[in-house]
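Everything on this sheet refers to the single structure shown next.
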């Protein structure tokens with residue numbers, strides 16, 4: 001193997017002023033390095049200050065360094081037949097540091113100059129040059145060409161997306177997740193139907209979009225992950241990055257378990273009839289009723305098998321004071337989760353080996369999508385980010401053809417403008433748009449840091465955020481068209497059928513699927529859609545951690561595959577607790593208290609650090625250098641004032657999600673009278 005080449009930092013000129021010697025040291029900084037010169041016009045500190053500008057580098061001030069003449073040359077290293085050799089090259093670099101109007105620069109002797117290659121070049125590199133020399137007076141002493149300072153370092157390039165589509169699909173895949181399917185439609189229905197779109201759009205324009213744009217621009221400009229970017233912006237807020245990594249790590253503990261459930265459903269549905277449409281299984285109780293019994297209100301006869309109803313003139317007498325459960329509920333709680341073997345937090349029961357194997361399969365897919373960085377994940381999202389839209393389209397067409405579907409859509413869209421007078425409605429709109437777009441998780445910083453410096457992140461923010469919101473809206477048609485069909489057949493109201501969270505995607509929707517012809521096919525593609533939606537978010541969430549750590553500790557970048565494996569194993573072990581029989585309780589607890597308030601606080605600190613300490617005008621100057629135009633007054637006002645208030649709005653009245661309340665506060669365990677043992681009763685989903 002060819003040895004790593006040494007990097008030479010030297011300057012030669014005849015005549016030449018004082019060269020870099022032992023008084024000035026050039027060393028590697030982060031993933032960048034370069035050897036370059038400063039124009040001879042920068043004879044004094046003030047000249048250098050007026051010359052320097054901040055572009056795509058770590059910005060901490062200006063160093064007091066000896067002047068280097070304009071006719072200096074840089075040495076580059078080129079491969080030769082016997083190894084590497086030095087070759088002179090004309091200077092084609094320029095110096096970069098803080099902006100000319102920066103009045104908060106540190107003492108020159110304690111700060112740095114950052115140099116970067118001409119932006120027209122294809123390779124972005126930089127080097128940190130730290131000088132201990134205080135003198136600014138150049139000398140006229142001549143030196144020989146071989147009197148140069150040589151430093152050795154390793155050359156590391158920051159990878160970029162192969163195509164812009166890779167980046168866009170990654171951002172869309174992260175933003176469009178399970179919440180778009182299982183939360184937005186129900187939130188919209190519960191808070192005024194079509195009228196809810198008014199506060200939703202307002203919160204999107206004033207809060208969600210500005211924060212989304214801010215993080216994309218910041219990550220692209222700084223080209224670093226969450227652990228290093230805040231140290232550059234304002235060292236006092238360096239803890240933001242560590243908080244982001246902590247939140248992202250324990251989110252991975254439970255989020256992927258939901259995909260493991262979906263994977264279990266998908267494999268178990270590969271039968272002539274889906275297993276949750278029958279009460280003749282080992283996990284069912286005497287209180288079980290199938291969806292067909294609920295539809296025709298009759299008792300099953302011996303001729304009915306696997307949930308296929310035979311319509312005969314028989315009656316089903318519902319006894320008073322008896323609670324009945326649908327076969328779909330019992331399948332989810334007693335077959336998939338096996339909650340009957342847990343007595344609560346004090347005894348969560350054993351690990352469900354089937355769920356843990358599904359979880360391992362999920363993390364295996366995640367590993368091979370992330371191990372090569374954006375080169376591998378950028379290709380994986382071509383499948384995982386586009387397939388959900390194909391399946392959504394299929395489910396939408398099928399749902400609209402069902403009898404009663406228009407009734408469900410009417411429930412979904414009928415405006416109730418009186419709801420707009422409630423503060424809770426506006427708070428839910430702010431909360432929904434914030435958690436849907438996902439600022440604060442470090443993902444947008446990480447993904448945009450792999451963009452090219454002059455990429456138009458403004459149009460990217462507009463496009464991807466709009467697609468995310470549009471997906472949420474369209475998913476409501478997919479959900480409520482099927483729920484409307486259920487209401488029509490069961491003669492129930494939408495309030496009795498609609499639900500959010502896991503109760504929607506693992507109980508209500510599968511129950512509706514069981515009534516369709518070809519239920520196996522519809523169940524498989526629906527669960528496949530849930531898996532791909534979750535995978536995209538997991539890719540991005542773990543990439544935020546990986547990018548942050550690799551930028552913080554560049555040495556381990558060479559062993560990225562092993563480091564990614566370590567992160568995957570860590571998350572898998574942390575998630576095992578959620579695969580126990582009582583893991584649903586832990587999952588609900590983590591989902592409710594793990595990221596809601598904490599991530600709002602994190603993003604609030606981001607706004608304070610960037611807009612109030614670093615400075616909105618200074619950040620706008622950074623954006624101008626990337627995009628060629630300065631963000632308008634609207635964006636500046638939103639970033640500085642409106643966005644912090646937007647973040648405080650959902651935090652002040654944030655309430656637990658309905659499905660978490662059902663699990664944590666209404667879940668009781670009672671002794672059933674028959675030989676089947678204990679029976680779990682979920683008050684919010686009982687049939688009587």
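Backbone N, Cα and C define each Cβ position, glycine as well.
The Na(+) binding site annotation in TrEMBL covers 173, 175, 176, 180, 436, 468, 533, 536, 537. In sequence order, 381, 384, 385, 535, 536, 537, 539, 540 are the residues of the chain that are 6 or more apart from residue 173 (Na(+) binding site) and have a CB within less than 8 Å of its CB.
Under the heading transmembrane segment, TrEMBL lists 194-214 (among others). Non-local neighbours of the transmembrane segment (194-214) in the same chain are 187-188, 412-417, 419-420, 425-426, 429-430, 432-434, 436-437, 439-440, 444, 457-458, 461-462, 464-465, 469, 473, 603, 606-607, 610, 635, 638-639, 642-643, 646-647, 649; each lies 6+ residues outside the stretch with a CB under 8 Å from one of its CB atoms.
Sequence-distant contacts of the transmembrane segment (235-255), counting only residues of its own chain at least 6 positions beyond either end whose CB sits under 8 Å from a CB of the stretch, comprise 225-229, 440-443, 534, 537-538, 541-542, 544-545, 548-549, 570-571, 574-575, 577-578, 586-587, 590-591, 594-595, 598-599, 602, 605-606, 608-609, 613. The transmembrane segment annotation in TrEMBL covers 235-255 (among others).
In the three-state DSSP scheme, residue 279 (disulfide bond) falls into the coil class. Annotation comment: TrEMBL describes 279-288 as disulfide bond.
Positions annotated as transmembrane segment by TrEMBL: 351-368 (among others).
Marked as transmembrane segment by TrEMBL: 380-400 (among others).
Annotated transmembrane segment per TrEMBL: 429-450 (among others), in sequence order.
Residues annotated as transmembrane segment in TrEMBL: 462-484 (among others).
Per TrEMBL, transmembrane segment is recorded for 521-550 (among others). Here the transmembrane segment (521-550) has Cβ contacts under 8 Å with residues 170-174, 176-178, 180-181, 224-228, 241, 244-245, 248-249, 251-252, 255-256, 258-259, 262-263, 265-266, 269-270, 274, 362, 365-366, 369-370, 374, 377, 380-381, 383-385, 387-388, 391-392, 394-395, 398, 441-443, 445-447, 449, 505, 509-510, 513-514, 556-557, 560, 563-564, 567-568, 571 of the same chain, all six or more residues outside its ends.
Positions annotated as transmembrane segment by TrEMBL: 562-589 (among others).
According to TrEMBL, the feature transmembrane segment maps to 595-614 (among others).
The Cβ of residue 436 (Na(+) binding site) has 22 other Cβ atoms within 10 Å, all protein chains considered.
Ranked by Cβ pairs under 8 Å to the transmembrane segment (595-614), the stretches 351-368, 380-400, 429-450, 462-484, 562-589 are led by 429-450. Long-range neighbours of residue 288 (disulfide bond) (same chain, six or more residues apart, CB within less than 8 Å of its CB): 279, 324, 325, 326, 327, 330. For the transmembrane segment (351-368), the neighbouring stretch richest in Cβ pairs under 8 Å, chosen from 380-400, 429-450, 462-484, 562-589, is 562-589. Counting other Cβ atoms within 10 Å of each Cβ, the recorded positions 176, 279, 533 show the lowest value at 279. Within the chain, the transmembrane segment (462-484) has long-range Cβ neighbours (under 8 A, six or more residues past its boundaries) at 168, 171-172, 175-176, 180-181, 184-186, 188-189, 197, 200, 204, 208-209, 212-213, 389, 392, 395-396, 399-400, 402, 404-412, 432-433, 436-437, 494, 497-498, 504, 508-509, 512-513.
The DSSP secondary structure for residue 176 (Na(+) binding site) is coil.
Cβ neighbours within 10 Å of residue 537 (Na(+) binding site), excluding its own Cβ and spanning all shown chains: 25.
Counting only same-chain residues 6+ beyond the ends of the transmembrane segment (429-450), those with a CB under 8 A from a CB of the stretch are 158-161, 167, 170-171, 174-175, 177, 179-180, 183-184, 187, 191, 196, 199-200, 202-204, 207-209, 211-212, 214-220, 222-226, 229, 241, 244-245, 247-248, 251, 374, 457, 460, 465, 468-469, 472, 540-541, 543-548, 551, 596, 599-600, 602-603, 606, 646-647, 649-650, 654.
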